[in-house]
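Undergrad: Sharing the feature lines straight out of Swiss-Prot:
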- CYS185: active site, nucleophile (ACT_SITE)
- HIS479: active site, proton acceptor (ACT_SITE)
- CYS23, HIS25, CYS112, CYS115: Zn(2+) 1 binding site (BINDING)
- 176-520: domain 'USP' (DOMAIN)
- LYS129: N6-acetyllysine (MOD_RES)
Amino acid sequence: MVARPEPEVEAMDAELAVPPPGCSHLGSFKVDNWKQNLRAIYQCFVWSGTAEARKRKAKSCVCHVCGIHLNRLHSCLYCVFFGCFTKKHIHDHAKSKRHNLAIDLMYGGIYCFLCQDYIYDKDIEIIAKEEQRKAWKMQGVGEKFSTWEPTKRELELLKHNPKRRKITSNCTIGLRGLINLGNTCFMNCIVQALTHTPLLRDFFLSDRHRCEMQSPSSCLVCEMSSLFQEFYSGHRSPHIPYKLLHLVWTHARHLAGYEQQDAHEFLIAALDVLHRHCKGDDNGKKANNPNHCNCIIDQIFTGGLQSDVTCQVCHGVSTTIDPFWDISLDLPGSSTPFWPLSPGSEGSVVNGESHASGTTTLTDCLRRFTRPEHLGSSAKIKCSGCHSYQESTKQLTMKKLPIVACFHLKRFEHSAKLRRKITTYVSFPLELDMTPFMASSKESRMNGQYQQPLDSLNNDNKYSLFAVVNHQGTLESGHYTSFIRQHKDQWFKCDDAIITKASIKDVLDSEGYLLFYHKQFLEYE
């Protein structure tokens, strides 16, 4: 279980604001009138604000090798050459002419062939943003998320073209692959889970974020807002999340670099940064409670974990409640002692999970997580009732459930003597009832004996699975993929840029590393 970190002080924000070193190969481009030349490229071939510019772009922006305008067309920054990125025509040009920089004509990103990656440069970013805003203004858009008000001509066109695009059960809008930027599968799978979180999607697509940062370009929430726009724009080509990666590196330095990272660690770091950057969206001050945060991250992901420590002499109970963003669960096969399955589990179905003999279930892991634990003589606490140090028991229960419950199955074991991955299969259900693990249900559980809730009509604590993150491989070398639910019974596998349809069986048979559940019914506060 990872508790939600407290907000960082401004001094740390200032420290993290220093970006990592950029591309060292930009020097050959930044000579003479490079800014003027770059602005001309953005105006004519990328943003194209006027109708004439868009026509010119459509006619002239074709690959100089195959004559096609698709396949992620890029333009050389040193000479007049357009080439396909997908078919490597721009790569061949870069190699033969030693022109190592090119610009993506769809999104405006700069690619370095020596770094073999999209790069970030503050000066170029400023020019790109300025030219983009100019193009929006020419088109009458103003701001990217401003309300659309149709002109008289557009109203006439709407009358003569009444057909609307309907979102059906077979619609694939929202499905989009992500380019792997070099061992970034850990990030891609979490992005897929977040972009398919229903309430988070609704928040960003309704333009609810109001940035109060001095530099919006360094705001991760602004970038997530743009990311949601990209995912639900209807485009099917893989998205390149280079800006997101740069911001994560900037604000979570321990994740910087192209080494393999942990998806769970990235999730917690991303939620932490999003939480800190959501200050402008937080109306918690209205509650006259300076410690209360009501940002979208806390509304969706934050739960309350109750810890009851009971003195074994006077049976006095000390209770604390801590916020959490996820629940980390031990697995059989780890160095942490596990308990055998209950005798009645064989051949039974509990919480929608099939309990075969020897099979560990998510419910089993939650039972272990919430069972009383004897702290032992080496961990005595000072009892306020006895006024002396006594042995005690500790029990964790759920005081408040989050809207989205994320369960982290602890498959990676790190210790002084051991580093390994635990591959124990854990059965998890499509629907999960958390009632047995609530603090309010504690009285009904005696000596570790758990029963299904008698009131089957209580839906407040019921969840539905909507995303699963998996890890294939070993601790030293592996790959992350994810399953996401597009509609109620439609599942897709996301493997970086590749999206394929999956069956429910594929999902439930997978190993499971991070399990994302969404509340079935939401209560108003």
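Glycine residues also receive a Cβ, built from the backbone N, Cα and C atoms like all the rest.
A description of the local structural setting of each listed feature is requested, covering burial, neighbours and distances.
TA: Secondary structure at CYS185 (active site, nucleophile), as computed by DSSP, is helix. A C-beta separation below 8 Å, combined with a sequence spacing of at least six in one chain, links CYS185 (active site, nucleophile) to HIS479, TYR480, THR481, ASP496.
Secondary structure at HIS479 (active site, proton acceptor), taken from DSSP and collapsed to helix, strand or coil, is strand.
Sequence-distant neighbours of CYS112 (Zn(2+) 1 binding site) (same chain, 6+ residues apart, CB-CB distance under 8 A): CYS23, HIS25, LEU26, ASN100, LEU101, TYR118, ILE119. In the three-state DSSP scheme, CYS112 (Zn(2+) 1 binding site) is classed as strand.
For LYS129 (N6-acetyllysine), the same-chain residues lying six or more positions away in sequence with a CB closer than 8 A to its CB are SER217. Annotation note: LYS129 (N6-acetyllysine) sits in a helical segment as assigned by DSSP.
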Undergrad: For CYS23, CYS115, listed as binding-site residues, tell me which one has the smallest number of other Cβ atoms within 10 Å.
TA: CYS115
Undergrad: Other residues with Cβ within 8 Å of the Cβ centroid of CYS23, HIS25, CYS112, CYS115 at the Zn(2+) 1 site?
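TA: Everything else in range on the chain: SER24, LEU26, ASN100, LEU101, PHE113, LEU114, ASP117, ILE119.
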